[in-house]
Amino acid sequence: MPSYTVTVATGSQWFAGTDDYIYLSLIGSAGCSEKHLLDKAFYNDFERGGRDSYDVTVDEELGEIYLVKIEKRKYRLHDDWYLKYITLKTPHDYIEFPCYRWITGEGEIVLRDGCAKLARDDQIHILKQHRRKELETRQKQYRWMEWNPGFPLSIDAKCHKDLPRDIQFDSEKGVDFVLNYSKAMENLFINRFMHMFQSSWHDFADFEKIFVKISNTISERVKNHWQEDLMFGYQFLNGCNPVLIKRCTELPKKLPVTTEMVECSLERQLSLEQEVQEGNIFIVDYELLDGIDANKTDPCTHQFLAAPICLLYKNLANKIVPIAIQLNQTPGEKNPIFLPTDSKYDWLLAKIWVRSSDFHIHQTITHLLRTHLVSEVFGIAMYRQLPAVHPLFKLLVAHVRFTIAINTKAREQLNCEYGLFDKANATGGGGHVQMVQRAVQDLTYSSLCFPEAIKARGMDNTEDIPYYFYRDDGLLVWEAIQSFTTEVVSIYYEDDQVVEEDQELQDFVKDVYVYGMRGRKASGFPKSIKSREKLSEYLTVVIFTASAQHAAVNFGQYDWCSWIPNAPPTMRAPPPTAKGVVTIEQIVDTLPDRGRSCWHLGAVWALSQFQENELFLGMYPEEHFIEKPVKEAMIRFRKNLEAIVSVIAERNKNKKLPYYYLSPDRIPNSVAI
């Protein structure tokens, strides 16, 4: 009678173990075994983090083992069990069966061996059937739903507990936004201010009451230099929203600025038009905010938005500085162009309005839409169309870890009606919905391809714009990811025809296009992929967006937004319509009140924290791949990333403002916060 040694590994996360009865059946080319109870007398099996081995003897020869079936049956109380993997030592072989899934209730799961296979590689009926059934089950579990009209579709789940267990957080308490924000304010010693809505600060120094306990190197420098034009300009390159600035190739008619207005700022004895031709003028246009409804959820506090246009100049030191700001889109007598030569407080308030507008675009478009929602689309499509045995599922699953869960929690607590977002933000109460609906029309595939996005904004010349660290580091990380995906693609797809004939891949890409991009041709998202090169690029987009791009725009929020005047989440007075009337008192009364300041500070602190046991780029502790060539590619990937870490660390030495958001040792694998 054939005998097998079965080793079962239980996950190490909280509540991963089980006391339920676990049964195993083996399915082979010559037949199926009876189910065997995996149990040792006087031994606590399947404990959290444990590895348990069992000898299983079957009555008849099973032939080549294709599948392992695991069944969980109730002992006393039901407890979920997280199965990492099973290994099987046969008389002639050693087989690994990756799982990395939860088995809930009186559930069962059927596992294939860990060798990645395309659908064309499965010639055995039972394996084809298993592949088809897995996708049929997943497509019932992972359903598309419209969160808001015009948005990319999301997961069909009203709350976190409605999600499939495999994509829920290990501990829901750890991602409770209400609890985390309250904890943040308690830890930051600012909870005494959190209910003081409508109560203004006295002056800029008064903001230090909620700042001094929590400052760090960058936030301290922001506090000390936020009023300076150099600091203002620097943030467009290396702050937490470094994706808006672009080279100005033609002065827009809606910004009627002249050489005479800005000649004091121009250092090359050239006219403004000549500076434009020389490539020294840059622009940031917040047109998307024009006409967006401001938050009206608090009848006691009027809140306001603007849609500024900011003109910037590259001076002789190659630094970017502002030279003209118009606070709304339509030029006119009541919409003056503010200049550095205006009174101190006129110019300062104009810059504050730009910073506030930048905050809104950053939170809702750069961060929410272009990383969170896009990554959720990739994740849902992956689960619906790629079986666990598919090499691209094995590649991508680490990069959508907890993404659907964090977005569901955000819809449940943060971005919902009367949620936390409404408490402090001028775009709460529905404005953020309008913003996403507009921005989706400009969401393109090429804008997610990092090198193309940089080039499209005219920001690709490293000698011409030498201090754009977001660009420099991003390109290094992009190239490392693309090199890795190219290797993986070449292992499983020997030529372009194999790519084109992989129907599961094509269904994945089509799902993203149809449901994520709502079938919008102008998005430029492919409906199909027909070459290895394009597949590598597509996979790079998925991984880069979920990891590097999210890290670049998320984890600097506390650094750049904790000093409230530098990133006001709301403004309590409308933009000035004339020059020479702004006072310091007016600025302070325009800035957020104490309560909203505290909620904002708690938010940017909580959102800037890494998860406990964070997995950073290149870390793949779940061994979905078992083949040697892919494992070797992973090792090379990690070495490339380590080299980038060293390059960035060397550049940052002795810098007063180090840029480290795209250092791979600070880039989580996925959008999970």
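Residue numbering: from 1, along the chain as shown.
Positions of Cβ are set from backbone N, Cα and C atoms, glycine also.
Feature list (source: Swiss-Prot):
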DOMAIN    2-117  domain 'PLAT'
BINDING   Gly17, Asp79, Asp80  Ca(2+) 1 binding site
BINDING   Thr18, Asp19, Asn44, Asp45, Glu47  Ca(2+) 2 binding site
SITE      Ile103  site 'Essential for stabilizing binding to COTL1'
DOMAIN    118-673  domain 'Lipoxygenase'
MOD_RES   Ser271  phosphoserine
BINDING   His367, His372, His550, Asn554, Ile673  Fe cation binding site
MOD_RES   Ser523  phosphoserine
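Here the features listed in Swiss-Prot are placed on the structure.
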{"residue": "Asp45", "record": "Ca(2+) 2 binding site", "contacts (Cβ under 8 Å, 6+ apart)": "Ile22, Leu38, Asp39, Asp52"}
{"residue": "Glu47", "record": "Ca(2+) 2 binding site", "contacts (Cβ under 8 Å, 6+ apart)": "Thr10, Gly17"}
{"residue": "Asp79", "record": "Ca(2+) 1 binding site", "contacts (Cβ under 8 Å, 6+ apart)": "Phe15, Gly17, Thr18, Asp19, Asp20"}
{"residue": "Asp80", "record": "Ca(2+) 1 binding site", "contacts (Cβ under 8 Å, 6+ apart)": "Phe15, Thr18, Trp102, Ile103, Thr104, Arg165"}
{"residue": "Ser271", "record": "phosphoserine", "contacts (Cβ under 8 Å, 6+ apart)": "Thr259"}
{"residue": "His372", "record": "Fe cation binding site", "contacts (Cβ under 8 Å, 6+ apart)": "Thr403, Ile406, Asn407, Ala410, His550, Val671"}
{"residue": "Asn554", "record": "Fe cation binding site", "contacts (Cβ under 8 Å, 6+ apart)": "Cys240, His367, Thr371, Leu607, Ser608, Ile673"}
For the binding-site residues listed (His367, His550), most other Cβ atoms within 10 Å of the Cβ sits at His550
For the domain 'PLAT' (2-117), residues assigned helix / strand / coil by DSSP
0 helix, 60 strand, 56 coil
Need the DSSP three-state call for Ser523 (phosphoserine) to compare against my parser.
helix
Averaged over the domain 'PLAT' (2-117), the pLDDT of the predicted model comes to 94
Measuring CB to CB from Ser523 (phosphoserine), give everything in the same chain under 8 Å that is also at least six residues away in sequence.
Leu443, Thr444, Tyr445, Tyr513, Met517
Note on Fe cation: the CB centroid of His367, His372, His550, Asn554, Ile673 has further same-chain residues inside 8 Å, namely Leu368, Thr371, Val553, Leu607, Val671
Residues close to Ca(2+) 2 site centre defined by Thr18, Asp19, Asn44, Asp45, Glu47, Cβ within 8 Å
Thr10, Gly17, Phe46, Gly50
Check: same-chain CB within 8 A of Ca(2+) 1 site center, minus Gly17, Asp79, Asp80:
Phe15, Ala16, Thr18, Asp19, Asp20, Trp81, Tyr82
DSSP says His550 (Fe cation binding site), in three-state terms, is helix
May I ask you to report the DSSP-based helix, strand or coil state of Ser271 (phosphoserine)?
coil
